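Let me begin by presenting the structure, written as structure tokens, before commenting on it.
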Amino acid sequence: MWLSFLFILILSGILTYIILRQTVSKLTAVPLWILWAILMLPPLLTGATVTWSRQIPPLPVAIVVCSICWVLYWRLLDWGRPNPRTLAKPPDPQIMSEAAVNEHSATTRTTEPELTALPEEPEPIEENRPLRPIEAEEEATLRTCFAWNIFFLEKIEYRPQAVLCRGKLRTDADSAYATIVRNITDLFGDRFFILFQYSLSTGKPFFALVPRPEHTQITRSRRYVDYTIAVLLLLLTLVPTTYFGAALAGLPKGDFGQIVSAGWPYAASIIFMLGIRDVGRYLVAKFYKIDSTLPYFIPLPFLPGTYGCLVQMRSPIPDRKAVFDLGFVASMLGLVTSIPILLWGLSQSQTVPLDLKSTLFNFHSFNPRFSLLMTLLSKLALGSQFVAERAIDLNSVAIAAYISLLIITINLMPLRRLDGGYIVHAMFGQKPSAIVSQLSKIILVILGIIRLRASEAGNTDLLFLAIVISLIPAIDEPALNDVSDLNNWRDGLGVFILGILVLTLIPVPAVLMQWLDI
């Protein structure tokens, strides 16, 4: 077994390094080997545990380790992003916000340029020398782009690699952004990314012009490499998911044919349910003409065998409608596929006596009462079999659907880079969504403490999960047009899917348990 694991580990390490080299090597100053080591730490720890104790680590421990490494990876990636003061290359507009821009001292706007002779050799740039994305002559041209009845321009401020245009919005945000973008594009071409967002300090909308980085044309060979990596990662993910599916079906050892026959229902179910989410996200990105990677599956050498796919956005998100759709479509596709499969899997499962070992991660004595939604689905599928003092022995398909629903629930948390973070940001804006994120962290920790105190066995699974999730940053990256609000039907869909999150997190009320006899 350990030889197979070593082969998978080496292949995963090579593919992980290739993906990092292709996607993030130019986005951060952090050495690539450090990011690679952090991502490879969970499988290395799993391999060491399996080698020494001959046991696979428990699922809660695996989730905690993976989450910590994932959070640390994103923190280092953000920390190492280029500084506009030291790099001539324009910053990534996805992380451009007024708070980041205002870290640099404002430079005084000049009306007359200083004409100096061009030196034969370039002089070194002084640290305090102002960097202007536009020349002084171009400022007058820029002012003509702002009509007084659309956006009354009051002042222009310069930052290293950014121009801030402050004023008063005189019309609706959608038409104002479209008109001003068209005016600037007509005069300056595609020289700038044009951001429209609220000031975090004053709450007033402003425009920011950020120079575009040099665009690298995606060649046919690059597309071939992307597709090759995606297919290899999918095939690699089939190995651990099939093996763990066979183990969950009660066949930990056997020949190749027996393992495949017993493990394919779990493998096919979890790959389909988790893969459909990010395929939907990828299609939404293409619809809004956002440059993104293909969905890359993430194989894991421990249960559940994969955490789903990774789709990285390579270009800015245009507006809050696109932000909402990226989060909503992915989560909704996951829910509409996971819930029917979960109901079928539960109907094929058996009930067992409830004891102190019945927890949300004990698949052979599963207690769904920690979640109102899981309890209702269990009662709907099992009927009179699921009563008081009974737990559920989940079959492999039910386990796959439950893990998929658990991952969807985590992703629906209103935190940065998660589906829920996208949805809340699109509904409320950048600053209010950060407040909602902080409140959600506090509520989740409180729920974990309540579960710990209410559990006779002292279950800390939800509390550990809450602590790890609380490490994720709250504030999200702004869209290019971060001022325009959503329409009413998108707001309604957002409330609906966040309501599903609430139903999943809250425990079953005692009154409902008595009424359902559970």
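Placed from the backbone N, Cα and C atoms, the Cβ positions cover glycine too.
Note: TrEMBL annotation is automatic and uncurated.
Here is what TrEMBL records for this protein:
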| type | residues | note |
| --- | --- | --- |
| TRANSMEM | 6-24 | transmembrane segment |
| TRANSMEM | 31-53 | transmembrane segment |
| TRANSMEM | 59-77 | transmembrane segment |
| TRANSMEM | 227-250 | transmembrane segment |
| TRANSMEM | 256-276 | transmembrane segment |
| DOMAIN | 295-445 | domain 'Peptidase M50' |
| TRANSMEM | 322-346 | transmembrane segment |
| TRANSMEM | 366-382 | transmembrane segment |
| TRANSMEM | 394-413 | transmembrane segment |
| TRANSMEM | 433-450 | transmembrane segment |
| TRANSMEM | 462-480 | transmembrane segment |
| TRANSMEM | 492-516 | transmembrane segment |
Stretch with greatest number of CB pairs under 8 Å, the transmembrane segment (394-413) reference, 227-250, 256-276, 322-346, 366-382, 492-516 candidates: 322-346
Recorded stretches the transmembrane segment (433-450) and the transmembrane segment (492-516) touching, at least 3 CB pairs under 8 Å: yes
Averaged pLDDT, computed only over the residues in the domain 'Peptidase M50' (295-445): 88
